[in-house]
Every structure is written in structure tokens, then in C-alpha cells.
Amino acid sequence: MDYRPSDSSGTDDDLPPSHQGRYQRNARPTGNGRPSVLNSAPLSRVHNEMETQIHLIEQEAYSSILRAFKAQSDAITWEKESLITELRKELRVSDEEHRELLSRVNADEMIRRIREWRKANSLQSSVPQLVHDAPSPAVSGSRKKQKTSQSIASLAMGPPSPSLHPSMQPSSSALRRGGPPPGPKTKKPKTSMQYPSTGIAGRPQAGALTNEPGESGSYDPLVGRKVWTKWPDDNQYYEAVITDYNPVEGRHALVYDINSANETWEWVNLKEISPGDIRWEGEDPGISRKGGHPGQGRGTKTMARGGPASNAGGRGRGSMRMQQPKTQNGIGKKALGEIEILHTETLLKEVEKVFGSVNPNPAEVEKAKRVLRDHELALMDAIAKLEEISDGESGNI
């Protein structure tokens, strides 16, 4: 291209013409000479991906809460249901997503294992109660007759309280004979503690002991201790566990053959026992009567099973002598020795004393009095039957 000769005047007219076809008029060049044209498509894609990730996190949080609730219990309470509803709003979980997440939680392997473990655990916990409640054929008849006397027995003195911690409750194997004190390896039946199945008020069974704590309810450091006491019948030591304490009477509950079919118990004033008649596992607390001769403090009274002892001093082992050969079913017929029955009025005074501190309902007190009178009649009837059995067996000798 030819240009006119420059006259070198130094003006702009002397410069060659510029070519402006390379860039658009409105384009703004960047530092590298290229226009910055922003594309909105990549930004929209990134935004959608972030929203998706956020919602996934929300679903994971919602699913975790469902798993936690299912792990706690299969039944959802109203409080949890309300909380789940609020979380669905806050975490933007739709109904369809809720159903899908709930289905995943129910199918989760860990939740399934927890559910099976909970079901098996509940079955195991219910089995011991069923065993305790199932009476054996040999004694089912006597237990039916004992219900009335057992319900009132706890009003006066109450059975020993099962307030022991599970670790303090000795098992049946732990109560087998052969402990520190001398004596036979196996204990013969405590005949003075056993009653025939003829209607005499029997001791509360294991189920009653578990569900009906004693009236004393006072803590004593001796509760849970294991002792061996000597019986005057055979001069042998027998193992027992202290399970309760009555501070009003100053008596401790001694349970023999605990958690077994032969379980028996009595209320005892340990201070009235000669040191030679009681031995302790571990350190001797030193509360037994100092001095005296063996057997001191035992007395000749009889304890009504499940009820209070008589007002005479001494232990709950009475002077009953009921030693007879066992029958074919293993339950021996007892011969009558000597039975003392606590007067009904005395029991009524004990009941009034117990209820007086808690302002009982007068109707309930009257009901208790009626049952106590029935209790006495049942005892008298049982004694008459025992005399008949004794006379019949004496004639066969």
C-alpha cells in the first residue's frame, strides 16, 4: 500500500491509519489481550452440585436420627414423632424420601441385630419370673391356702426385703454346705421351719419376696452378710444370708437356702444369740451377746411364717417338732409337736402400729382386720388337721 510522503511536521495526521477490525467495539481486552466473556453455564452446574451435596448431608443426618431412635426402641413415642416431624421440615425431607430412608433403617444389619438382642433379652428376663410363679405339683395345694395369710403377714412384720444388690445375692450353688464353720457337707431339712400343706400360713415364696419388700426398709450394714447359725435340734451350723433389718423390733431377716425350692426365713435378734451359736463370713461385727452358754437367747417360741414373732424374747426358731419320713413325692407328713399361735389382737395392734404412721384408709384397716381373723381361723383348722395326722400315724406305729 502506498502512502504519501511524510512532511515530518510532527502532527497526528502524519501517522498511518489504524485498523480496528480485530476487536469488537464494546469488547474490553484483558491483560493478555483476550476479551473476558463470562459463561453462566459452569456456575449453574456448580451451584446445583453443591445443593445436591447439601441435601445428601441432610438425608444422612435424618437417617442417623432414625437409626438412633430405632436402636433405642422399636416403639416411637409421641415426643420422638414430633421431633421427627420438625426435623423433616428443617432437613427438607419429603414424604417419599422419609419412607425410603425408614425402609433402609429397618433393613440395616446393625438395627436388625439390636432388635434380635432386645427380643432375646426380654425373653430371658421373663423366664425366671415364670419359673418362680409356677408351683410344683406337690405344694400347689398348700400355696393356694397360703395366699390369704401371706397378704397379711407383711402388714405386721413383713418378709425380708430383697433390697440386696444382684452381686450380693448368693446363688444356690454358693449356699451349699461346707463353709468355714464345722458341720456336715449337706444340710438336712430344717424341720422346724417347714410346714405341712394343710393350710397353715406358709412363708412367702420367691415371687412374693421379690415383689413385696419388707416394711422396715431401713439400711443396715449387716444386710448382705453371710452367717452360719447353730440349730439346737441337731447342734449343726446352717448357712443363711441377712436380707433385711427391722429397726423397730431390732431383728434381722435370715434367709436359708435362698433362691431355691427349700427357701425359708426367720426374723432374729442377733444380739440375743450366743457367740458360740453364730459364725460370720469375714470379720465378726461383734454384736452377739457376750458370754452365756450355747443356745442362750433362742427361746421356745414359734414364728408365724411371713408374720411377726411373739413378744417373747428369742429367735424365730420355735419348739415345733415335725420330723417324719418323707412320702413318695418327697414331702413328708409332719407330726404335731408344739405350736404357738400369736393372738389376733396382738396382730391387730401390730397392724395398727404399722398403718398409724402413714394415715391409712380406715376401710383398708377394717379389711386387714377381717383377713387377720380369717388367718387365725385357718391356723386353728390346720392345727386340728395336724393333730389328726399325728394321731393316725401314732396308731400305725
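Note: Cβ is positioned from N, Cα and C throughout, glycine not excepted.
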Candidate set Ser6, Ser140, Ser149, Ser390, residue annotated phosphoserine in Swiss-Prot: Ser390
Where Swiss-Prot places motif 'Nuclear localization signal' among the ranges 175-182, 279-286, 287-294, 311-318: 175-182
Coiled coil range according to Swiss-Prot, out of 81-107, 108-134, 243-269: 81-107
Per-state residue totals over the domain 'ENT' (50-137) - DSSP helix, strand, coil: 73 helix, 0 strand, 15 coil
